[in-house]
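Participant: The structure is given below, and queries will be raised subsequently.
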Amino acid sequence: MSLLGRSLRAAVCALVVFCGSVAAVATAEAEPSCHPQGRALRYVVAFDRDTSEAEARAAVAGGCGSTTIYYPQIAVAVATSADRDFAELVRPAAAFSAQAERLAMQRANDTSPARSAPARAELEPTDPAKVPSADRTGEQWDMRAIGADKARVIEPGSRDVVVGVLDSGVDSTHPELASALDPGKSAGCLTGAPDRNWTATTSVHGTHVAGIIAAADDGKGVSGVAPGVRIASVKVIDDRGYADPEAAVCGLMWAASQGMAVTNSSYFVDPWSLSCAHNDKRGVVNEVMARAVEYATSAGTLNIAAATNEAAGLVPSPRSGTRPQSDGCQALPAGLRDVVAVSSVSEERVKAGYSSYGLGVIDVTAPGGEAGRCVLSTVPGGYAPLCGTSMAAPHVAGVAALLASKHPGYSARQLRRTLDAQATPIACPADYDLTGDGSQDAYCTGYAGFNGFYGHGMVDALAAVAPRRTGSNPAR
């Protein structure tokens, strides 16, 4: 789900469990009896790592399903089935359907969640002639906070660097983004397989995120952190605001296949709302996401994610094939080990009240704003301010893109280490009573150089292009 939805509450903290490895696919002695009921639903299916595509497709067919795509690099399939017993029939592989889970949740509650309302109205294409041309960079306090206004003068970023905007789609007709957007590397992922339906249709979210990363430095409107890089629109959030696991996996795999240096994920993986309770089904989602992130990282793609807007204390999500902690809240994809999780700060450099946090989860922080002082960026038809960790994360993605431009030979892990090392430390606040009621609204643990509110500190765009530190190489 987009982190803009639910009045900027879009975050989920869910304890995810994956017990042991996924069993290998067994050859069925006889075809099961299929009982299709209603429309076909999408599933993600995790197989044993050495499962071939032929074996996976046979297992899906034997479970009364149809394979949409198989990702052999991570042994994950996306399938559809109208048989309500598909998840059982496809065993010993592990399958999960966000669509089926939503239907079950609605039946259990006898109500439809807010995001099950009809899809929002279609966005009108931007008419460049109607976009205000006034220079509004003076309103971009967020860019000054990370030194991006000075950094872009030295290094605006390289056209060889592509940042994947894994979001709700990007308005390709916006004059601030048209030259940066690469249609050839853009893709829609809502079915779990890449297609050409990648443009923004109902949500401004992806266009706003894209502008923070790479809006043109042209003396008009706003400018992004890295206006010289290219961006790719990778649509993983649908018209009702859902980011299902198959779409997220597709987005990560597509980014890796296209050689993207950086991705930005300002969403949480559906279907669950805020919950920190045990649920075995979440283990499948965690497993497929962990595999996709680990693969993308090994392929050279650094993955940035918003920490979510639930003001929740997070714990790390488990790596592929491992058990999670017994308690605590987890966010996907932000909580995964190979993801750079970003918290949000106000103009005063204090953790925003809505921002989730957690020692060992938050890597760095960036401006996301607070009510009345949000982040100005591009939206279809012009510009608008929005607040959230959704806005903080693309600042970090932009800085990472500048680092990738400066150091084209760096691996994803080298980029991450440099990003962390160059951040400006922010100590835990002595008092965090935002409401003034005499009680602490959250508790920060750690020390000045690394803590649960700010991680290693505020990202520094200027340091990325003109390093202020000497001595040992943090990227080794």
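In case you wondered, yes, glycine gets a Cβ from its N, Cα and C as well.
Predicted automatically and left uncurated, TrEMBL annotations should be read as such.
The feature signal peptide is assigned by TrEMBL to 1-23. The region 'Disordered' annotation in TrEMBL covers 104-138. For 159-457, the entry in TrEMBL reads domain 'Peptidase S8/S53'. For D167, H205, S390, the entry in TrEMBL reads active site, charge relay system.
Quick one: where do these features end up spatially?
Facilitator: Classification of D167 (active site, charge relay system) by DSSP places it within a strand.
According to its DSSP assignment, H205 (active site, charge relay system) is helical.
In this view, S390 (active site, charge relay system) is surrounded by 32 other Cβ atoms within 10 Å of its Cβ, with every protein chain counted.
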Participant: Could you state the CA-to-CA distance between D167 (active site, charge relay system) and H205 (active site, charge relay system) to the nearest Å?
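Facilitator: Roughly 7 Å, rounded to the nearest whole number.
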Participant: Looking only at DSSP and grouping its letters into three states, which state does S390 (active site, charge relay system) belong to?
Facilitator: helix
Participant: Run through the Cβ atoms and count how many others sit within 10 Å of the one on H205 (active site, charge relay system).
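Facilitator: So the Cβ neighbour count for H205 (active site, charge relay system) comes to 28.
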Participant: Tell me the Cα distance separating S390 (active site, charge relay system) from H205 (active site, charge relay system), rounded to the nearest angstrom.
Facilitator: 8
